[in-house]
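If you check TrEMBL, you get these features:
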type: ACT_SITE; residues: Tyr22; note: active site, proton acceptor
type: ACT_SITE; residues: His99; note: active site, proton donor
type: BINDING; residues: Asn73, His79, Asp86, Ile100, Ser101, Arg110; note: substrate binding site
type: SITE; residues: Arg17; note: site 'Transition state stabilizer'
Amino acid sequence: MKFLVMNGPNINMLGVREPDIYGKQDYKALCQLVRDTAAELGDEVELFQSNHEGALVDRIQEAFGKTDAIVINPAAYTHTSVALLDALKAVGIPYVEVHISDVTKREDFRQVSFVRQAALKTIMGQGIEGYRQAMLFLHDHLAK
Ligand code: DQA
């Protein structure tokens, strides 16, 4: 199967960015973990990161008919973007929402997630390991 692993704004700053909240591992380490997980599962994976909402919408649309499952950390757009939810619903590709931090224990403005509405599952507070868990879950889910 083929995965698309997507990350929104400022995830490229991992390692540097608020390490007490997001950990010391950088975006390169996240990409490596994702690639290793795909290899372990015998799956294909593409990674995409953007700081721009429209670029994320475009990438979701491009995945239509070409990708079996999406792992998405929309980062700050989680809490604001109806466009990302609509794009995910439009393509109908099963997806898991991932957050590195546990957003339920953070500010009020992080308590809303638009993409959660149609997600198969949400994984949060597991650091970058959450991406691996999301991929294992989707692999099993689609094997059924
Ligand atoms: C995040 C949580 C969001 O609230 C925040 O805006 C991010 C990262 C996380 O992975 O914990 O940029 O999605």
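Using N, Cα and C of the backbone, Cβ positions are placed for all residues, glycine too.
Just so you know, TrEMBL annotations never went through curation; they're auto-generated.
When the Cα positions of Asn73, His79, Asp86, Ile100, Ser101, Arg110 are compared pair by pair, the longest gap among these substrate-binding residues is 24 Å. Ligand 1 lies under 6 Å from the Cβ of Ser101, out of the recorded positions Arg17, Asp86, Ser101. The candidate set comprises the recorded positions Arg17, His79, His99, Arg110. Of these, His99 has the most other Cβ atoms within 10 Å.
Tyr22 (active site, proton acceptor) sits 27 Å from Asp86 (substrate binding site), taking the Cα positions as reference. Note: the CA-CA distance between Ser101 (substrate binding site) and Arg17 (site 'Transition state stabilizer') rounds to 12 Å. With His99 (active site, proton donor) as the anchor, the candidate recorded positions are Arg17, Asn73, His79, Asp86, Arg110, and the one with the nearest CA is Asn73. Most Cβ neighbours within 10 Å, among the binding-site residues Asn73, Ser101: Asn73 holds that distinction in the structure as shown.
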